[in-house]
């Protein structure tokens, strides 16, 4: 009991740890929702080159996770720890590169390379922040309950970060009007649910300059929050070497460690299950704006519906933390993630209705909270199970967390590719006031039928996941004996 008391984390420590998760979510949300329209309408790049920037940036972002995990595994312990120095030294350069993404250079031929280079640099630097931060979960306490509690704090702050990123970027650049273009091919020929809008293509130099300034102001505000969160994390959290290590202290090479990690059955089954469920929610997230605008006809309600989703997720994370503590994590996976299925079916089957859409948004937020919380709560259990099977192999926490992030970002790239190709094949009209029926049908599939199938596949794979509550308790006792 005395040892468990020493391992307990104060509320202040948990809050400081949780705040460190905000920068990744705030910047990721701002980039995810606004970078494409910025490249097309503000930087005025050709759509082909904008697509190259977005795809290459996503691919590079996925590749950097295992690379950073490798270098972290080779990093020696310092007075500040092994992970905290990565967070401290990457922060200022990440903020600079993030600001330069939202800056329009006064060059005519090198804009594509400008955005491609700084987008990739920022993704590398934010990975240098997020991978060690994710692995830090294993170094703040040896107690599973304390790590789970800190993870719940973190997930709450991260969901708030997504709300904050959307709100800051949306409010500052909210006056930017992106008028739609009515294609003469579809005038009078398309039975779209969205009313025809008046063509307005007035873009004078002054308004474009104001728009560019608004994006840079938003980047400056978000960059300031990034630095503030990094400072709070570095000052308020102490990295404990003894929290992760067992009695043996023999180093194991990265590639041997990678082979051991990838051969660990519980890790592979956990990743496989979350790959499908993550892909389902990413498809929903990536196409939700288009679905609301064109299929449902709520062009002016998208931000409010998105806010309803994020607020619902934020408020229900403590509920899921209580639920997984009371009923177990596997039960929380089945109940939490599957709860979105009936509402996803409802929004696709029923006619366009704003009240039903808000109900679906709240229900989706409840499932988003479970999808946010559970992977990060279950990964430390897998790491503990690995340590029991390989007590002489340590220091691989960064591999577990970096490759999970890698696979998650890989699914993000897959979802982006599937959506783009599907909509292009269906005849999507860029910035159109209305879309053909095939596009509306495709959007229904991307936000309803396909996510439902992927969620069901993920839940079937979770049946193979071997670490239940009884196994967790046995692992906890065995780790205490080893230490």
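Glycine too: its Cβ is placed from the backbone N, Cα and C atoms.
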Expected hit for transmembrane segment in TrEMBL across 116-140, 141-165 is 116-140
Using a threshold of three or more Cβ pairs below 8 Å, and leaving out pairs closer than 6 in sequence, do the transmembrane segment (304-324) and the transmembrane segment (441-465) count as in contact? no
Under 8 Å Cβ-Cβ from the transmembrane segment (15-36), and at least six residues away from its ends along the same chain, one finds 9, 50, 54, 87, 98, 101, 119, 122, 126, 129-130, 133, 136, 140, 150, 153-162, 164-166, 168-170, 173, 215, 218, 222, 225-226, 229-230, 232-233, 235-237, 285, 289
Given the transmembrane segment (266-284), its same-chain partners at Cβ distance under 8 Å and 6+ residues beyond its ends are 333, 337, 344, 364, 367-368, 371, 375, 378-379, 382, 385-386, 400, 403-404, 407-408, 411-412, 414-415, 418-419, 446-447, 450-452, 454-455, 457-459, 461-462, 464-467
Of the listed stretches 83-104, 116-140, 214-237, 331-349, 355-377, the one with the highest count of C-beta pairs below 8 angstroms to the transmembrane segment (304-324) is 355-377
Same-chain residues at least 6 beyond the ends of the transmembrane segment (331-349) with a Cβ under 8 Å from one of its Cβ atoms are 273, 277, 284, 320, 323-324, 356-357, 359-360, 363-364, 366-367, 369-371, 374, 444, 447-449, 451-452, 455-456, 458-459, 462
Spatial neighbours of the transmembrane segment (83-104) not adjacent in sequence (6+ beyond its ends, CB under 8 Å) are 20, 27, 31, 35, 38, 42-43, 68, 72, 75, 111, 114-115, 118-119, 121-122, 125-126, 128-129, 131-133, 135-136, 139, 212, 215-216, 218-220, 222-223, 226-227, 230, 233-234, 237, 239, 398
The answer for the transmembrane segment (116-140), taking Cβ pairs under 8 Å and residues 6+ beyond its ends, is 9, 13, 17, 20-21, 23-24, 27-28, 35, 52-53, 56-57, 60-61, 64-65, 68-69, 72, 81-84, 86-87, 90-91, 93-94, 97-98, 100-101, 146-147, 150-151, 230, 233, 237-241, 243-244, 376, 379-380, 383, 397-398, 400-402, 404-405
